[in-house]
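Following: one structure in structure tokens, then a few remarks.
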Amino acid sequence: MNFLTYKLLNLEELKILKLNLNKQNELWESGKMTAGSQASKVKENLQLNRNSEISKKYSQLIRKKIITNPLIKSFALPKTIHGIMFTKSLQNMHYGRHIDNPFMSSGRSDLSFTISLTNKADYQGGELVIETLNSEKKLKLDAGEIIIYPSTYLHSVKKVKNGERLVCVGWIESYVKSIEEREYLFDLDAGAKGLLAKYGRSDELDNIFKSYSNLLRLLGN
């Protein structure tokens, strides 16, 4: 499984987050400021100043929500969660087809994530498009929902036709770089935990958990 979609933020967290972000009109600036030389040519959105206190405060909240979530930990095997920023796309804004930088000042980008802070009914257009080798995944998230996907994929955000698209984005440096190896480990972990919940502890399960842990040591970096 290369993608993970999950309801990360509850209604109260969303309400507080949106209320405080919408008060910061003077802190929203051009998104081109953090794009690479190639991506800046196709990036047309706004982002909250990353050095502002409110950006730092809520970036910490997002980081904590991700790192403490058991499902995300099993899927992404996060070593560091970095580059978190809040972005806004108003009418006619978009982010064209691009690839994320492999290395940033804050870490390597193995996985990218987007968290929707607005309901998908609040704006038209603005779909996140992720291109795999043989297909195109186009989606709009429910408010509070996160999608995590490999940073190796080309992706884009379609033009917002009306309304406002408010999201949080960031990157994960994983202990395991390989997409395939992360998928194998995730399946093994999920299967073992499922058997534990259904049948309880056993010597056979101990061996499976041992193999998972030792594979993680072998494949991790």
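Keep in mind that glycine also has a Cβ here, set from the backbone N, Cα and C atoms.
Across the domain 'Fe2OG dioxygenase' (80-174), DSSP assigns 3 helix, 60 strand, 32 coil. Residues or ranges marked as domain 'Fe2OG dioxygenase' by Swiss-Prot: 80-174.
Marked as Fe cation binding site by Swiss-Prot on the basis of sequence analysis: H98, D100, H155.
There are 28 other Cβ atoms within 10 Å of the Cβ belonging to R165 (2-oxoglutarate binding site). Under the heading 2-oxoglutarate binding site, Swiss-Prot lists R165, citing sequence analysis as support.
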Ranked by the number of other Cβ atoms within 10 Å of their own Cβ, which of the binding-site residues H98, H155 ranks first?
-> H155
List the same-chain residues at least 6 positions away in sequence whose Cβ sits under 8 Å from the Cβ of D100 (Fe cation binding site), in sequence order, or say none.
-> S109, S112, S151, W171
